[in-house]
Amino acid sequence: MSGCRAPRPAWGLLLALLALGELPQAQGTEEVPGDAHGDVQGFQVVTFRWHHVQDPYIIALWILVASLAKIGFHLSHKVTSVVPESALLIVLGLVLGGIVWAADHIASFTLTPTLFFFYLLPPIVLDAGYFMPNRLFFGNLGTILLYAVIGTVWNAAATGLSLYGVFLSGLMGDLDIGLLDFLLFGSLIAAVDPVAVLAVFEEVHVNEVLFIIVFGESLLNDAVTVVLYNVFESFVTLGGDKVTGVDCVKGLVSFFVVSLGGTLVGVVFAFLLSLVTRFTKHVRTIEPGFVFVLSYLSYLTSEMLSLSAILAITFCGICCQKYVKANISEQSATTVRYTMKMLASGAETIIFMFLGISAVDPLIWKWNTAFVLLTLVFISVYRVIGVVLQTWILNRYRMVQLEIIDQVVMSYGGLRGAVAFALVVLLDENKVKEKNLFVSTTLIVIFFTVIVQGLTIKPLVQWLKVKRSEQREPKLNEKLHGRAFDHILSAIEDISGQIGHNYLRDKWSNFDRKFLSKILMRRSAQKSRDRILNVFHELNLKDAISYVAEGERRGSLAFIRSPSTDNMVNVDFSTPRPSTVEASISYLLRENVSAVRLDMQSLEQRRQSIRDTEDMVTHHTLQQYLYKPRQEYKHLYSRHELTADEHEKQDKEVFHRTMRKRLESFKSAKLGLHPHKKGAKLYKRERAQKRRNSSIPNGKLPMGSSLQDFTIKERDLELLDPEEAASYDAEDMSGGIEFLANITQDTATDSPSGIDNPVFSPDEDPSILSRAPPWLSPGEAVVPSQRARVQIPHSPGNFHRLAPFRLSCKSVDSFVLADGSEEQPRAAPAESTHM
Amino acid sequence: MGSRSSHAARIPDVDSIRRETGFSQASLLRLYHRFQALDRNEKGYLSRMDLQQIGALAVNPLGDRIIESFFPDGSMRVDFPGFVRVLAHFRPVDDEDEGNRDPKEPEPLNSRMNKLRFAFQLYDLDRDGKISRLEMLQVLRLMVGVQVTEEQLESIADRTVQEADEDGDGAVSFLEFAKSLEKMNIEQKMSIRILK
């Protein structure tokens with residue numbers, strides 16, 4: 001096995017540890033005196049008390065082994081990119097199990113249902129719920145439910161009945177088994193497993209809709225599995241002939257009770273959890289603990305009430321995530337994130353390893369070729385049929401159609417896992433006579449789906465997508481515009497409201513804003529709960545800081561740009577320039593280095609002309625620094641990886657620019673009202689903005705002082721007032737004129753997105769502004785700014801929309817009000833924001 | 001937000017809109033609801049602010065430009081037909097359209113050329129039918145991270161214009177723009193599956 005070769009260095013260590021764990025246990029207590037320095041009688045200075053620590057010690061060792069194995073796997077990138085980790089872990093488990101068994105001759109470590117259901121499964125499911133992309137999940141809830149409920153029932157019934165049919169034909173030989181046993185087996189083998197599905201799908205990159213459907217299905221079908229399993233188990237206990245119609249109806253009722261009850265328990269605990277975290281301000285250190293304890297309690301509670309525990313903890317995670325994230329401190333949030341990932345990832349590792357180990361036990365193996373093979377065939381075939389049929393129905397109602405390739409992946413991604421195994425182990429041997437056959441078949445099915453399908457699903461996806469025609473270097477235009485198209489598309493999607501359910505979502509968010517958030521969120525969190533508002537807060541802080549040092553900054557930036565390097569690409573990179581401005585220069589150098597490296601590679605393929613080299617640099621720069629469209633960077637749920645910071649950075653950058661431009665263009669609209677006073681107004685604007693910016697930290701840092709901030713805001717508005725500004729006319733015409741030249745031509749070319757004020761965007765090169773576009777004569781200069789004025793609505797509300805971003809407490813409603821009272825004096829909307 | 005009937009009949013001029021845009025009844029209804037949801041105070045039209053409220057657009061580098069494209073010629077508001085007309089550019093091209101199309105009628109909004117034209121006018125701010133070097137530079141500046149220096153940007157803008165510019169006037173006309181992208185599957189790339 002290639003997987004075992006790679007982590008060679010780790011192996012010696014693993015074996016040593018195993019020996020440590022196993023030998024003492026095998027030989028029992030005889031070893032004790034050996035280590036005790038011979039002083040058997042009397043007081044022992046040191047005693048070797050293996051039994052005292054045995055259980056926790058072994059558990060800790062197993063965890064260590066599994067974790068080390070994980071390190072080992074990832075030493076070789078080649079292996080993990082081909083073989084899914086879950087498959088590697090199963091194989092490792094098989095090997096370790098073999099070793100243990102060879103040493104011990106008893107299979108002492110198996111995946112017991114208690115261990116699995118109480119300790120290993122909850123963290124995984126909680127993690128899935130807590131990091132669930134809610135929007136996507138609820139957007140596809142209907143589809144998910146159909147697959148989870150109807151699909152699972154179909155799989156269970158069809159598999160069970162078909163197996164029974166084949167059994168009746170006599171192909172399986174002589175088995176002590178009845179129809180109900182087959183249905184029981186069908187019900188436990190039917191469910192797609194959340195652990196296995198995630199483990200494999202995470203490594204195969206499929207589109208988000210497909211991912212959420214398969215993932216959601218695997219989580220939600222638990223209720224169906226539990227009910228089917230319980231119903232058939234009790235039927236088996238009762239005996240086939242005593243089952244009445246009433247029992248069947250009861251079974252149906254119990255399905256709704258189990259699923260809805262489980263969900264309800266989850267929601268109730270999510271509510272409690274959110275409420276509790278609202279008041280943890282003074283006990284920050286135990287904040288994260290609440291998240292885990294309360295979610296776990298939801299799991300146990302619904303288990304106690306024999307409801308669907310998986311649904312409970314899933315919905316607990318889903319429902320609480322928003323409020324908890326808003327309530328707890330940033331450090332606690334980070335702690336929760338990492339802890340959750342660690343627990344889930346660890347549990348998954350252990351599950352797969354134990355699955356392997358559990359298989360090494362001759363006692364459980366009972367082979368029946370026909371039964372095993374037919375089970376494999378049936379579950380695959382019925383999965384395909386189920387998916388195709390349901391998709392056909394769904395596609396008539398869905399906005400986003402599921403295409404053939406999606407259906408193939410869905411059918412093929414129906415992996416079975418540890419849930420099935422734990423359920424089958426739970427069976428009572430006295431009632432289900434062929435338990436061992438079921439157990440072995442389940443193991444085979446799990447191994448087959450996880451290893452074989454897991455191995456092949458990635459090549460399959462790639463093969464199906466191989467529509468890529470010719471392999472050529474895209475032209476610059478294609479690259480740039482292609483990316484622009486991506487952005488356009490995602491913007492249009494946002495405007496057109498992507499996937500349906502908007503009406504419901506609007507209703508919900510209204511309800512959430514009016515009632516839920518008020519109860520469940522801290523005051524401070526309510527204000528800044530909008531992520532965008534958060535970003536804006538931070539940006540403002542940053543701005544304020546950076547503008548303080550603006551003068552220096554501009555100087556240093558000018559330094560970098562002015563002596564330059566007319567064309568970056570022609571600079572001699574090999575000799576590091578003596579830099580006085582460390583950070584900035586090193587920036588350039590770093591870029592250059594990477595560009596050079598890229599060139600070196602490309603030289604082999606491309607002609608060695610300067611032109612090409614420059615081309616490469618250009619392409620490279622574009623490739624590296626073009627903003628990524630939303631679809632590409634937006635991460636889905638991942639069990640092993642935490643959010644990449646990159647896209648947050650990008651969001652911030654773009655958001656910063658957008659807001660700055662909107663503000664500028666709004667202001668320029670105001671300025672346009674009185675073109676003749678332009679210079680003075682610009683001066684005003686500059687001053688006002690400086691004041692505003694410097695006032696922000698004071699206004700914002702203390703939580704309660706938004707009012708104060710607001711008054712400052714108001715004064716800024718007044719300063720912008722044309723009447724008042726007139727008094728500055730004489731003062732600063734000279735400064736204004738230069739400014740005017742820049743502004744007007746920029747308004748001309750860029751009016752929709754506003755002005756690039758060089759003063760306030762030190763990162764952008766002012767030089768570009770001073771270069772007049774050829775078609776612009778000074779005479780025309782004023783006109784565009786009037787256009788800008790027309791485009792931007794002149795209303796106090798408009799300004800409020802931008803300004804109160806940082807001080808709004810009740811979000812957009814206030815803007816709506818402000819907007820409605822367009823012609824009213826400024827004071828009126830001002831108060832409305834403080835309702 | 002008041003009550004909303006789920007009847008397409010409530011949309012004014014529903015038939016003529018359908019004919020012009022090619023949207024299905026269901027899509028129109030959905031878009032109408034969307035339109036109403038965006039229209040924060042039931043004005044019956046959208047202002048720029050309504051669109052600017054969409055959070056995701058604020059982090060889209062071209063977000064504001066796209067908002068502008070809903071307001072042709074500096075108008076202040078966009079009504080439902082205008083709203084849908086813009087979105088119709090992104091309707092997927094289906095085969096039926098091609099077959100049944102009356103050659104006398106104007107090209108449907110979602111044709112390749114119209115999709116390209118939509119993109120083109122996002123660049124061409126001064127509406128002179130050409131993307132000048134400066135206009136290219138502005139788009140570039142929107143679309144790349146702050147790490148890239150102005151010199152690099154200018155150099156990229158130069159190259160991009162040069163690459164597409166065939167008649168040597170230092171600007172990219174619409175035909176040149178379309179030509180430079182002729183190998184690209186615009187029909188697919190500029191379509192949204194849900195807009196049927």
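Placement of Cβ uses the backbone N, Cα and C atoms for every residue, glycine included.
The structure displayed is predicted, hence computed values, not measured ones.
For reference, TrEMBL has these:
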type     : residues  : note
SIGNAL   : A:1-28    : signal peptide
TRANSMEM : A:57-75   : transmembrane segment
DOMAIN   : A:63-463  : domain 'Cation/H+ exchanger transmembrane'
TRANSMEM : A:87-103  : transmembrane segment
TRANSMEM : A:115-132 : transmembrane segment
TRANSMEM : A:144-167 : transmembrane segment
TRANSMEM : A:179-201 : transmembrane segment
TRANSMEM : A:208-232 : transmembrane segment
TRANSMEM : A:252-276 : transmembrane segment
TRANSMEM : A:345-365 : transmembrane segment
TRANSMEM : A:371-392 : transmembrane segment
TRANSMEM : A:404-425 : transmembrane segment
TRANSMEM : A:437-457 : transmembrane segment
REGION   : A:686-706 : region 'Disordered'
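Using a cut-off of 8 Å between Cβ atoms, the transmembrane segment (A:404-425) and the transmembrane segment (A:87-103) share fewer than three residue pairs, counting only pairs 6 or more apart in sequence. Between the transmembrane segment (A:345-365) and the stretches A:87-103, A:115-132, A:179-201, A:371-392, the greatest number of Cβ pairs separated by less than 8 Å involves A:87-103.
Relative to the transmembrane segment (A:437-457), the listed stretch A:87-103 leads the set A:57-75, A:87-103, A:115-132, A:144-167 in CB pairs under 8 A. Counted over residue pairs separated by six or more positions, the transmembrane segment (A:87-103) shares at least 3 Cβ pairs under 8 angstroms with the transmembrane segment (A:57-75), which defines the two as touching. When Cβ distances are compared across the two stretches, the transmembrane segment (A:208-232) makes no contact with the transmembrane segment (A:57-75), since fewer than 3 pairs at least 6 residues apart fall below 8 angstroms.
In this chain, the transmembrane segment (A:57-75) lies out of contact with the transmembrane segment (A:179-201); the count of Cβ pairs under 8 Å, excluding pairs fewer than 6 apart in sequence, is fewer than 3. Residues 194-195, 198, 215, 219, 291-292, 295-296, 299-300, 303, 309-310, 313-318, 320-321, 336, 340-341, 343-344, 346-348, 350-351, 354, 418-419, 421-422, 637-639 of the same chain, all 6+ positions outside the transmembrane segment (A:115-132), place their C-beta atoms under 8 angstroms from a C-beta of that stretch.
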